[in-house]
Amino acid sequence: MNYLSQLGKLFSLETLDTRLNPTTNPIKRQSIIKKANPTSRWSTLEFKIYLTILIIVVPLMIKAAMESSNETNPNYPRFQHLLSDGWILGRKVDNSDQQYRFFRNNFPLLCGLIFIHVTLRKLINTFIIIPNGRYNNNFKRTYFDLIFGIIFLIGAHGINVFKISFHLFINYLIGKYIKNYKLAIWCTWIYGIFSLFFNEWFGDSSFGLSIFVNGSGYYTGIIPRWDVFYNFTLLRMLSFNLDYIERERKLGNNDGQLNLNKQENINGADNPPTLLNLDDRQRLSAPLPLDDYNVSNYIAYISYTPLFIAGPIITFNDYVYQSNYQQSSTTQNYQRIFMYAIRFLFCLLVMEFLLHFMYVVAVSKTKAWDGDTPFQISMLGMFNLNLIWLKLLIPWRLFRLWALLDGIDPPENMIRCMDNNFSALAFWRAWHRSYNRWVIRYIYIPMGGSGTGKYRIINSLLVFSFVAIWHDIELKLLMWGWLVVIFLIPEISATLIFSKYNKNWWYRYLCGIGAVINIWMMMIANLVGFCLGTDGMWKLLHDLFQTFEGGRFFIISSICLFVGAQIMFELRESELRRAIDVRC
């Protein structure tokens, strides 16, 4: 039984991020617990039936995905050329996804870089760290980040560093030297979005950099496609400007007094509460002195190596606070970091298993689904989405693990399995969570937040339009963003209408029906945007609603989704009983 409890702890929310721990505030704790049904339903006959169905259906889903993508399928010759030699039981591996292939092929190199970076940091910390977890004023952590980051950028992007520097320079000038608050905000956003289009149109241009070319040509670094990772750089650029503009507006002419507070805080004398013991939410708007918004911290933040390639996203205020003022207690708990590393390793091995036994990415690239049943096509799409989830989760967790070892605690990006979602709103809170928090802080709240009625829809439309453009300047992704907003409308409307009936016995079952509709709509939106494209989606919809076998599958799968939704509801009820409410 002890082994089961340890296993449960390993896969709990709390292991991922201390931000997900039960609240310590007794009033909030009781209010969260009161939301839950005090009696667990796991031992009831209803849920025993649900769990039995789950045990039967999940293996059938795996079997269908394997049959539609393995060498026994008649379409195998059409995608065989995309497979590579694997290392599990002599099987081929589907390494055809460009993004994950880059990560997978360079994984040993990344591990070596992590070892070098963390070792250097520990050696330097031996000389500069103060026992109470704060830092020496003579040599701040950000100095090391600045030096290492510049070296890393040159090694990664070579001569293309000049192109990145151009955007950094323009953005810095906008933030620091446009003194009108609204104009600075507008210029920051306009240039930020323009830079995405600029890179799309002119990213491969030399811009006169040929003067640096030697006989062997450009040195473009280990990662020549600098523009692929620029999107994350842009988020940090915007964060610096918007944090600075907001802070400058609040401070007015009182920066001199705050500089004095900063000095007192570092030296430990009469520590002011403004810069001590801030939690993760308070760090987002940490009352930093204006002189912390300098070019050195700007470049150090932009080029912070553990999070540079793909995040998770951490705001400028949070980064500087953790770097130069107070280290997060999470980064000093090595047992927790070890458990996080074990969980990362588990996810990595699951990904390797799926890539060796389900070639769904190769199938989707070649559209090799002729003759497949609606069940098989839907499983191709579903496991494709699972692989997309894993290909994002694994790098994010590796980079977050790297940051934790380095003493910085960024938010966890993925706190739910992709299949453990029934709400479109909650899905976006759990998927790419740090980006979601960034969007809420810098776009959603400034635009008016949730509000009511049409304004909530308009804000959501603006948010998902930016999200789509930020991912890639491609029409199908913009359509995906608008589809998501359209699919949000029924959920928002139903929540407003039926939430007052939440004490009725039938409310849970009504929510289950709504969850089934939500899951279908989310799958359609994401399959169009990221997996099957419009061709594959239209074929699936045609087979579902214009063939007998498809109609039968639609009914059975909807029943299974209802069962899954009820299990998801009870999982969240179990969390509420432990005073955990992550709202997703």
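Going from the start of the chain as shown, residues are counted 1 onward.
Backbone N, Cα and C atoms are what each Cβ position is placed from, and that goes for glycine too.
The membrane topology recorded in Swiss-Prot places Leu83 on the same side as Cys584. Over all protein chains present, the Cβ of His471 (active site) has 15 other Cβ atoms lying within 10 Å. Long-range contacts of the topological domain 'Cytoplasmic' (317-343) within its own chain (CB-CB distance under 8 A, at least 6 residues past either end) are made by residues 9-11, 15-18, 133-135, 140-142, 145, 243, 247, 265-266, 275-278, 280, 283-286, 288, 292, 297, 300-301, 304, 397, 400-401, 404-410. Proximity of the transmembrane segment (551-571) to the transmembrane segment (110-130) is not established, fewer than 3 Cβ-Cβ distances being under 8 Å for residue pairs spaced 6 or more apart. If you look at the topological domain 'Cytoplasmic' (167-182), the same-chain residues 6 or more away from its ends with a CB under 8 A from one of its CBs are 188, 191-192, 195, 230, 233-234, 237-238, 240-241, 244-245, 249, 293, 295, 298-299, 302.
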